[in-house]
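Colleague: I have a structure here, written as structure tokens, and I will follow up with some questions on it.
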Amino acid sequence: MAEGNTRAPVRLEGKYGAMLVCWVLGNGCLFSWNSMLTIQDYYVALFPNYHPSRVLTLIYQPFALGTLALLAYNEAKINTRKRNLFGYTLFFIATFIVLVLDLATSGKGGLGCFIGICVISGAFGVADAHVQGGMIGDLSFMLPEFLQSFLAGLAASGALTSSLRLITKAAFDNSQDGLRKGAILFFAVSTLFELLCVLLYAFVFPKLPIVKYYRAKAASEGSKTVASDLAAAGVYKQGPETKNEHDPQQVERLNNKELLLQNIDYAIDLFLIYALTLSIFPGFLSEDTGSHSLGSWYALVLIAIYNLWDLIGRYIPLIKCLKLESRKGLIVVILLRSLFVPAFYFTAKYGDQGWMIMLTSLLGLSNGHLTVCVLTCAPKGYKGPEQNALGNLLVLFLLGGIFAGVTLDWLWLIGKGW
């Protein structure tokens, strides 16, 4: 009892600070990529014949999926600190290069510039695989609130980039070369934000007392991925870990195949959530919703509405009675989301913009809510190393769903001359 009493304040200290840092780091995981998606009106004007909103997403996903498959397979041997720092640093460098490329070409477009943007899109995919899998795996053995904050940050990146894009579009809409000026300001802000994430993860997050506690606990259960973060925090090689190195029963863990078989329904849940969502967002919303009274603002408004409700959906599980934890209930609700496909098709063909905005809101709300429910429920009952591995596996299926979704998104173009 004495040991428990001395540890309780340590476990609680820094909880809300850690939640805030997790939220910012979640933003940083997708801020650059969402920036590229959100200025699609600029890229459509710059590269009118290349379908940038679809092509860039289709390039991004194989790099993200392939890289994460390798990382998830070798998860137990990978230094989490180096993995996440590499990811955030690559986001920073690639975002800065987008800015440099546009300034160097004076915004003239062309095939060469488009190829450069495609290469940067692939780099974003590699960075995402390092950060998203690494962070979700790392946070899976900490408090569920940390994971929820990180996932909310992922959605907030979309909401923030959409808001920023609407502001820059309004500010430069009537000026000469306004689209380009807005895009340049947009990526300058994104570059600074990614630098902030590098600094937060390197110097702030590992030193928070509650984070040190959970990483030391994971190390005592056999995790070797947290060693560098513990060293950075000054608590490397604590007593419990040293003892357990000589106790095979303490460090024994389920392998990846066993973890996947026990959680295959959760993995399929995430695959289906994102396959459906990305078959509609952003390609269909950007190019296939027709002309309406909002004009060039219409696609931006739809993307902003989706991102806002995706963010709201990720906070709903904090209300206990609204959190869906039944495994059967989750799969039923996720399968019912397939009704969005005919709903969007007929709304685009016959409905007005009010119905489209409502459908887009429901798509975002359900995406955010179900994502948090699955990723916070799945790790319960496992040891630290198993939770880390399971987090990586689930993100792999999530990215697989995104890749399937952006591929299916091209089906909307059948019969439209491309």
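Cβ atoms here come from the backbone N, Cα and C positions, even for glycine.
Under the heading transmembrane segment, TrEMBL lists 16-35, 55-73, 85-103, 109-129, 150-172, 184-205, 266-285, 297-317, 329-348, 354-378, 390-413.
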Colleague: I'd like to know if the transmembrane segment (16-35) touches the transmembrane segment (184-205) in this structure, counting it as a touch only when three or more C-beta pairs sit under 8 Å and are separated by 6 or more positions.
Modeller: yes
Colleague: Other than its close neighbours in sequence, what residues sit by the transmembrane segment (297-317), given a CB gap under 8 Å and a spacing of at least six beyond its ends?
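Modeller: Non-local partners: 34, 37-38, 40-41, 148, 151-152, 154-156, 158-159, 161-163, 165-166, 169, 281-282, 285-287, 289, 291, 323-324, 353, 356-357, 360-373, 376.
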Colleague: With CB pairs under 8 Å as the measure, which of the listed stretches 55-73, 85-103, 109-129, 150-172, 354-378 comes out on top against the transmembrane segment (390-413)?
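Modeller: Highest pair count goes to 55-73.
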Colleague: Among 85-103, 109-129, 354-378, which stretch has the highest count of C-beta pairs below 8 Å with the transmembrane segment (266-285)?
Modeller: 354-378
Colleague: Can you find at least 3 Cβ pairs under 8 Å between the transmembrane segment (150-172) and the transmembrane segment (354-378), where each pair is 6 or more residues apart in sequence?
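Modeller: Touching, yes - the transmembrane segment (150-172) and the transmembrane segment (354-378) meet the threshold of 3 or more Cβ pairs under 8 Å.
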Colleague: Among 85-103, 109-129, 354-378, which stretch has the most Cβ pairs under 8 Å to the transmembrane segment (55-73)?
Modeller: 109-129
